[in-house]
Amino acid sequence: MEKRKVAIPLVCHGHSRPVVDLFYSPVTPDGFFLISASKDASPMLRNGETGDWIGTFEGHKGAVWSCCLDTNALRAASGSADFSAKIWDALTGDELHSFEHKHIVRTCAFSEDTHLLLTGGVEKMLRIFNLNRPDAPPREVDKSPGSIRTVAWLHSDQTILSSCTDIGGVRLWDVRSGNIVQTLETKSPVTSAEVSQDGRYITTADGSSVKFWDANHFGLVKSYNMPCTVESASLEPKFGNRFIAGGEDLWVHVFDFHSGEQITCNKGHHGPVHCVRFSPMGKSYASGSEDGTIRIWQTSPATADENEATGANGAAGKVKVGANEAARKIEGFHISKDGPNEG
């Protein structure tokens, strides 16, 4: 009888509370990186290929709901329940600037050209901060119909996307005029919105379904009902032939983009999955959970009968090649602890 293949993820410990957001950098000369946001108030930076911990950004005084890296992975940003968004040096871990808000910051995003930071949250207001003039007041767009859950840039920073915590739909804003130019209609609030790497699609998760929208003409391309309530979804960036979704049933589901058929289902988390993201090359994907762990799964998974190649940290031998890519970042990081807690 053929041995059943079981996906063996890399399990990344360190956060002491639920992991609520994940973000992969593009591929840089030093490799690619993964940043995680957690209710423990301490975003963490990792080697995106191996999952190895690089450093922790320390300074927030409340849950961190959102995190991102700029195009070159030189700076990080985070949005927090302490009413602030912070910019960090991703090479040293130093806080570069803190932007004060009047309520919880739920989401943040660097512009593609890296000069601007977009934030949104409970205030129902989009703010655009000029990172070349961080002390200048931000541009404020206050026409959001509800508390803001997600934001993203598209169309070479000419358009902003946002969704609300308690109202369905995705709003598309013209940056120059500050007006809503289009609304992508969904029945339930959109908890995850991702612009594909090639700029063709917007992937949304709205609880009961995952939808794919044409990012240029805004038509609905595909809509698939999910087997459980999902909180996050991500499209494979290289071939666009599969997507992942995670939510209440603790599993990370992989689906065929063209048919909606489930390809595989990854079990391992001990709490609901709050966020899933594909790595920039599409060779692996990460999931973050209520259980406080991040799991990195291989798209063509390492399997239980290939475990001879697995090292002490759970990384398959072929994965270890990238371990030195982050050396510059690790050497410069001001690590104030012995490493992340193994808990």
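Quick reminder: no glycine exception, Cβ is built from N, Cα and C everywhere.
Any TrEMBL annotation is an automated prediction that lacks curation.
Confidence over the repeat 'WD' (57-98), given as mean pLDDT on the 0 to 100 scale, stands at 98. Residues annotated as repeat 'WD' in TrEMBL: 57-98 (among others).
Taken from TrEMBL, the feature repeat 'WD' covers 266-307 (among others). Tertiary proximity for the repeat 'WD' (266-307) is limited to same-chain residues at least six positions away from its ends with a CB under 8 Å from its CB atoms, namely 3-13, 15-27, 32, 34, 36, 38, 40, 46, 48-49, 51, 192, 194, 197, 231-239, 242, 244-254, 316, 319, 343.
As a summary of secondary structure, the repeat 'WD' (266-307) carries 4 helix, 19 strand, 19 coil according to DSSP. The DSSP breakdown of the repeat 'WD' (57-98), given as helix, strand and coil counts, is 0 helix, 22 strand, 20 coil.
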